[in-house]
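Asker: Sharing the feature lines straight out of Swiss-Prot:
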BINDING   Gly59, Ala60, Gly61, Gly62, Asn63, Gly146, Thr147, Gly148, Glu177, Arg181, Asp224  GTP binding site
COMPBIAS  8-19  compositional bias 'Acidic residues'
REGION    1-25  region 'Disordered'
Amino acid sequence: MDSIVGDAIDEAEAEDMGDESAQVDGAANINRSGTMTDDELKAVLKDLQTNITVVGCGGAGGNTVNRMHEEGIKGAKLVAANTDVQHLVEIGADTKILMGEQKTQGRGAGSLPQVGEEAALESQEEIYDAIEGSDMVFVTAGLGGGTGTGSAPVVAKAARESGALTIAIVTTPFTAEGEVRRTNAEAGLERLRDVSDTVIVVPNDRLLDAVGKLPVRQAFKVSDEVLMRSVKGITELITKPGLVNLDFADVKTVMERGGVAMIGLGESDSESKAQESVKSALRSPLLDVDISGANSALVNVTGGSDMSIEEAEGVVEEIYDRIDPDARIIWGTSVDDELEGMMRTMIVVTGVESPQIYGRNGEAQAHAEERLEDIDYVE
């Protein structure tokens, strides 16, 4: 299909039907007076490795971590944090945290964000231990419910205080989920904006353009898949070698204090796959925003071994033509042998304004800031 959202639908349908190299000495004692051996160079590289942690909060966040575990993502530690022990035991992760055991007895937060927040505060020590030493922390959750909405800001705050670049990637509820969940999502988003460098918002309502005819269960699986692909796309910009490499400093340039961001995902296997993949990303229902006003963009172009630098540059040129000429654009490109004859484009734009994001237009933003301290979760 033309977009990664469509690909995510295929993944959800398929799932529903089925119901390092040797260790070297540390770099500290390396002879730095001249030439270096391969082992010494590897040791330097190891010391410079970016430590990335992904923390999935609540049910949706846990599902994201589980999908990343299934995908075999490289270079990131996976942490699942939940108040529901039954859900937590089914998740594949490097570390699992049962938050608020005394508060909830492992029975969940009952769709109450205040309970999720208190549970996370009870388990702060375990949260700090899980993210210790991280250079970058992704906090992923579905906003509107109890555990994810309440705990994600607590986790993000801990990550930021530890010195990590903190990126939250969250979904907002389908309208059909009701006003209470929407109100709680708004409160959770405001809290996340206060404690994260960048918050990437994936509005579930926009997914309805692609999944409107799917059963509810599969629609939520598509949402989980999009979260996973978003985190994976940014992570592997740093961890996977590419034709045009990005490093942690590049990503930090765009994401540090980036504010609210949105993401576009697209792919194409046509003869004009470079142009079509970027157009698909820019048309993505998730990227419900005029990118001409964005202040920064992070672009990841992935293709098969047949992809040329010229094709990758064509993607970036298309974005340059549409964005503020003063905006900062950082891009990288990598090869995935499974994408022979195909190209995928991921665009993250920061400093955006969109009706899908609570409080982002001028008057609403000012009003939100005035009442921020009064915003609370609805029981």
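Please read every residue number as a count from 1 along the shown chain.
From the backbone N, Cα and C atoms, a Cβ is placed for every residue, glycine too.
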Asker: Rank the binding-site residues Gly59, Gly61 by how many other Cβ atoms lie within 10 Å of each Cβ and give me the one with the fewest.
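Answerer: Checked Gly59, Gly61; of these binding-site residues, fewest Cβ neighbours within 10 Å: Gly59.
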Asker: Among the binding-site residues Glu177, Asp224, point out the residue whose Cβ has the most other Cβ atoms within 10 Å, with all shown protein chains included in the count.
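Answerer: Selected residue: Asp224.
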Asker: Within a 10 Å radius of its Cβ, which of these binding-site residues (Asn63, Thr147) has the fewest neighbouring Cβ atoms?
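Answerer: It is Asn63 that, of the binding-site residues Asn63, Thr147, has the fewest other Cβ atoms within 10 Å.
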Asker: In terms of DSSP three-state secondary structure, what is the assignment for Gly61 (GTP binding site)?
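Answerer: It is helical.
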